[in-house]
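Visitor: The structure that follows is given in the form of structure tokens.
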């Protein structure tokens with residue numbers, strides 16, 4: 001008998017008829033009789049449980065990835081935050097990890113440090129404090145993690161390495177944790193150590209000592225927040241180190257771990273993962289690794305880089321967040337598929353739940369996990385993502401095959417008495433390009449603790465006793481729109497809510513609001529570049545500081561700005577048009593750079609590696625510039641680049657101020 005009406009979900013009632021076993025299936029949307037074979041998977045707690053679940057999270061930082069979010073107007077900013085953090089609404093994240101800003105380029109931009117200089121402390125710079133408080137406001141139980149990618153120059157004492165003076169580095173990091181509590185009432189539960197070499201072990205131990213001495217014995221250490229080895233072997237060989245390390249974290253582990261990490265008995269986390277364009281294939285990547293990080297690697301937390309793609313898309317790794325919010329000037333944002341894939345786990349589990357030991361791979365490809373709160377609740381998440389529809393940007397994905405299949409799940413042990421499960425389903429439908437994400441189906445009635453599924457390719461299911469799930473929704477945000485063609489900012493904000501001016505994306509150096517109370521006048525309120533030494537960084541910062549703004553597609557534009565060089569003998573500043581690179585590639589940026597120097601000279605260049613000017617006009621292949629209203633150069637032929645951002649910056653790491661910035665694009 002051919003089954004022409006295959007249901008997606010059915011309760012199974014089976015009876016024995018002599019030598020044959022016939023399954024009569026009841027579907028809530030349709031009715032069919034099913035005779036084909038089905039693989040059975042047992043979900044049982046009689047033999048004990050697996051590892052404790054620590055949660056699913058997102059990462060703000062590692063390159064100023066939430067930069068534009070703070071500039072959204074209400075209600076759109078709160079709506080975005082609700083989709084990320086509000087329980088039983090959207091992604092409902094359990095974990096927020098943020099960068100401890102280090103004044104340095106760390107992928108897509110710089111984040112300011114709480115200590116630009118050794119005798120300087122300010123715990124209101126940047127937007128990570130605000131973001132953590134907003135996350136905590138929505139989910140008081142959210143886990144907060146801090147990790148430094150880079151450090152101000154003074155921490156390295158003249159070297160591009162932060163661990164030669166571990167006492168200084170430990171105090172710097174601990175000060176950030178203390179400041180979070182003192183000024184924002186934020187409890188940072190974990191701190192990570194990104195770099196790791198053999199001689200960093202001294203730093204890990206000293207960090208533990210400094211935390212304890214500062215009354216922060218409850219703060220846990222993730223080491224290394226990078227690779228499984230050599231830290232795993234070091235932990236096995238060094239009891240003092242083992243007592244200092246609470247979590248071994250790996251970045252982009254490809255769902256696998258190593259034997260030594262398992263032997264440590266430490267928590268194993270994918271402490272940075274995903275990093276993939278957030279279309280439907282990106283959603284498939286996220287669905288696969290959320291399950292298989294535990295199935296293959298015993299990882300009990302997975303954290304997405306990044307949290308929200310809220311930076312200019314043309315910067316490196318554009319649109320690689322759980323959702324997209326890159327237009328504060330229009331209010332437009334997009335709730336991408338990874339938000340709803342996250343919800344399949346986060347809305348029906350919590351940190352402190354426990355994985356069952358009976359988890360694994362499906363016979364026809366895909367995987368399943370099951371978790372319990374130990375109080376009778378059960379959540380099962382199943383994914384059948386195919387290879388080409390779940391490729392992550394890294395690491396390379398070995399070949400595998402997934403096919404449509406039938407699967408029977410038998411609940412035993414303390415779950416045998418469960419009579420009904422709530423059902424949530426996502427179907428990517430790559431052939432029709434009409435995805436159906438996080439759809440609530442009718443509850444599933446179980447008979448004798450059993451249910452049978454027809455699983456198609458590229459699906460995600462959640463079966464749960466939890467009844468609190470919800471697909472949150474807000475009215476559609478405004479339509480997308482390009483950056484305003486006429487934009488200006490005089491920076492006259494006496495008590496700015498954030499230290500950075502709207503829409504400026506610092507790529508090297510830090511540009512902050514500045515109030516010069518000793519010199520009241522038309523330039524009392526300015527934007528000031530404040531980093532005076534090259535930071536300790538892991539990417540190649542440019543020799544110059546630069547902040548970009550605007551529409552990358554701009555071609556013909558006029559940029560004007562008042563500038564003030566605080567280094568009277570050696571200072572230099574620039575404004576620029578058609579800047580075509582940023583982030584990790586900012587050193588090789590091209591455009592029209594108009595430099596002015598404190599000695600009265602000026603220069604025009606096509607790249608950032610030389611000096612140039614302070615009203616800059618670029619039309620077609622011709623560029624011109626003027627200073628204090630006096631034309632200095634005109635009709636300079638510049639063939640490339642043909643488009644790019646506007647920018648401001650300095651000739652080196654030096655103090656300089658900018659005021660009355662304006663740009664007009666044709």
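Using N, Cα and C of the backbone, Cβ positions are placed for all residues, glycine too.
I grabbed these lines from TrEMBL:
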ACT_SITE  196  active site, proton donor/acceptor
ACT_SITE  272  active site, nucleophile
DOMAIN    53-347  domain 'Glycosyl hydrolase family 59 catalytic'
DOMAIN    355-470  domain 'Glycosyl hydrolase family 59 central'
DOMAIN    506-664  domain 'Glycosyl hydrolase family 59 C-terminal lectin'
SIGNAL    1-38  signal peptide
Visitor: Taking helix as H, G and I and strand as E and B in DSSP, count the residues of the domain 'Glycosyl hydrolase family 59 central' (355-470) in helix, strand and coil.
Guide: 3 helix, 54 strand, 59 coil
Visitor: If you skip the near sequence neighbours and keep only those at least six away, which residues in the chain come within under 8 angstroms of residue 272 (active site, nucleophile), Cβ to Cβ?
Guide: 59, 62, 225, 249, 251, 252, 303, 305
Visitor: Give me the mean pLDDT over the domain 'Glycosyl hydrolase family 59 central' (355-470), rounded to a whole number.
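Guide: Averaging the confidence scores along the domain 'Glycosyl hydrolase family 59 central' (355-470) gives 97.
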